[in-house]
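Reading through the structure tokens given below for one structure.
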Amino acid sequence: MKFTEHLSAHITPEWRKQYIQYEAFKEMLYSAQDQAPSIEVTDEDTVKRYYAKFEEKFFQTCEKELAKINTFYSEKLAEAQRRFATLQNELQSSLDAQRESSRAAGLRHRRTVFHLSQQERCKHRNIKDLQLAFSEFYLSLILLQNYQNLNFTGFRKILKKHDKIFETSRGADWRVAHVEVAPFYTCKKITQLISETETLVTTELEGGDRQKAMKRLRVPPLGAAQPAPAWTTFRVGLYCGVFVALTVTVIIAGVVKLVEHFGDNTDVWPLIRIYRGGFLLIEFLFLLGINTYGWRQAGVNHVLIFELNPRNNLSHQHLFEIAGFLGVLWCVSILSCLFAENTLIPIHMNPLALYGFFFLFLINPLKTCYYKSRFWLLKLLFRVVTAPFHRVGFADFWLADQLNSLVVVLMDLEYMICFYSLELNWTMSEGELWIKEGERICYSYSYGVRAVIKCLPAWFRFVQCLRRYRDTKRAFPHLVNAGKYSTTFFVVIFEALFKTHSGDERFVFLYIMIACRIVNSCYTLLWDLKMDWGLFDRNAGENTLLREEIVYPQKAYYYCAIVEDVILRFAWTIPLSLEVVYDRPVISNILGTVLPPLEVFRRFVWNFFRLENEHLNNCGEFRAVRDISVAPLNADDQTLLEQMMDQEDGVRNRLGKKNWKRSYSMSLRRPRLSSQSKVRDTKVLIEDTDDDT
């Protein structure tokens, strides 16, 4: 592997600009070689002056890079030493409190943890939190050690290449005189901190069991994503292949059934609505797998952003596997419905069995089938539903945003419950989902729960914004963002009034609803592009209409995403126009089935650029890991700390004007330190790669 590729694969993305600019040095050397005057047509003195002038410029650039690296390394080392001292103090306090509690326990009857006071519970909990805190700190030390090794190797490689191209030894001399005596290379305190951390965790937190301690401190491999196990790859191919084949079969079988029942007033929409939500979930999981793959390839650290455990999180292949497996079950269930007369399973039992399995798969308490990931999702869903009572983090409002694009899933779930409760004829031995057209209770707004369900995702985000305003006391962006979600309430209210009224007043509600939709679409579109994606930056330079720094390689991706977002944000105009002009429910039903998958696709595109913007904010603050204390802070201190961390320009523009755009909350009272590290943290031996080709 060439060192350029090796460096690109092993750097910490949030510190990218602080590494040696190896590729720029290579271009500088090759450009000088190509532009050098030929000794055959130019006198020797001119050639010597050319090379002398170039070398002066080259070594000046090397000095600037070396100064940058020394400064950054010194800052991070000082930060690591402060954190280590803080963790030592917190560990000592927790151990003292635990010993005091143990002595006091000897004077009274033994009590279970359920009978302990809140203060005593915190003491027991702090030991667990400290284990996670030291694991997080250890990962940050490994990051810094890799930074040290990669930069030294980069200088050695580029100076060696310099000497080879120009047939001199001045590069090696400069390395000995400057690089090998540079503080970032000669300072061995980082190695000492790593050793002391391992010893402290072994003796104080793991009872002297070094193997257990090192297992806790284990770091995932650095660099490109590791290949998935062979069996996982096999299952992905199997499930996805079977899913594609079964999907084609479902389409053909569905068309045949429609032809058979054509003209007999059979209503197939209950069946479509019941299975539509399941398809949207499968589509969402599959596209999320593509998101994950794209983030890894582009160096967007989604593991840090979502505060996942870098030692154990789902890769794109795992998401493809889950989506493919659930997709196969979805297709089998539909085929069982379509050919119910040939099976022993009543037709109405198939959807119940399918979604019952989906639900059991999610809440399965056994530690199998991605238990930790499922538990993380359930905990996140709970935090979304109870948003006003918790501090809101990125993962919380990201999931709530996904629910806004999956609102049809919630509405179809409500429809299914209503249909099975009020419309399905359970007295029929075979059940019935292909129903004759007639009065429908569940799909009309006369059943008022639908309007409430449609407002729920927007309500979750609305109260999250209010909670963030309460925590930060910043009207912008939180109250302005809450106003964006409040427009959804007006859209739903007037849509319900439009559908439940007749006569002239019906059109009054229609016009008000259209006005509300236009406001909502413009509001959300501008927020997507400017706030969530960070585009239309005045300092974009050559990245016209974008931002100063972009992660994805082609500008066309951004322009296509802007056009796509504009089109799909206003896609509601098509079904509304056709419904008003033709007043044909079948047209509304067809478009109501086509547009939700497109909205899921829009959210898939949105995810790429939303996390890119968050990643660049982390880069601006060189925030590769979170500096989180185990000791609880009061509300004022925590808010002040968040405001310091939330400065969008970060360390790059410390002396410039502060620009508060967005709040990124993090809980210091119950730290999840091991889940906040980078996926690319590891201690590696920098191999002697050769790219002299």
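Using N, Cα and C of the backbone, Cβ positions are placed for all residues, glycine too.
Annotation comment: Swiss-Prot describes 1-176 as domain 'SPX', evidence class sequence analysis. For 441-642, the entry in Swiss-Prot reads domain 'EXS'. Under the heading region 'Important for inositol polyphosphate binding', Swiss-Prot lists 157-164. Annotation comment: Swiss-Prot describes 674-693 as region 'Disordered'. The annotation site 'Important for inositol polyphosphate binding' is assigned in Swiss-Prot to Tyr22, Lys26 on the grounds of similarity to another entry. Residues or ranges marked as topological domain 'Cytoplasmic' in Swiss-Prot (evidence: sequence analysis): 1-235, 289-318, 364-405, 499-506, 582-693. Annotation comment: Swiss-Prot describes 257-267, 427-477, 528-560 as topological domain 'Extracellular'. According to Swiss-Prot, the feature transmembrane segment maps to 236-256, 268-288, 319-339, 343-363, 406-426, 478-498, 507-527, 561-581.
Most buried of the recorded sites Tyr22, Lys26, judged by other Cβ atoms within 10 Å, is Tyr22. When Cβ-Cβ distances below 8 Å are used as the criterion, the transmembrane segment (319-339) is approached by residues 232, 235-236, 238-240, 242-243, 246-247, 249-250, 253-254, 257, 271, 275, 278-279, 281-282, 285-286, 288-289, 292, 345, 347, 350-351, 353-354, 357-358, 361, 370, 433 of the same chain, each at least six residues removed from its ends. Counting only same-chain residues 6+ beyond the ends of the topological domain 'Cytoplasmic' (364-405), those with a CB under 8 A from a CB of the stretch are 284, 305-309, 312-314, 318, 322, 456-458, 460-461, 463-464, 466-468, 471, 599-600, 602-603, 606, 610, 614, 664-667.
Remote same-chain residues near the transmembrane segment (236-256) are listed as 228, 317, 320-321, 323-325, 327-328, 331-332, 334-335, 338-339 (criterion: CB distance under 8 Å, separation of at least six residues from the stretch ends). The DSSP breakdown of the topological domain 'Extracellular' (528-560) into helical (H, G, I), extended (E, B) and coil residues amounts to 11 helix, 0 strand, 22 coil. Summarised by DSSP class, the composition of the topological domain 'Cytoplasmic' (499-506) is 5 helix, 0 strand, 3 coil.
Across the region 'Important for inositol polyphosphate binding' (157-164), DSSP helix (H, G, I), strand (E, B) and coil residues number 8 helix, 0 strand, 0 coil.
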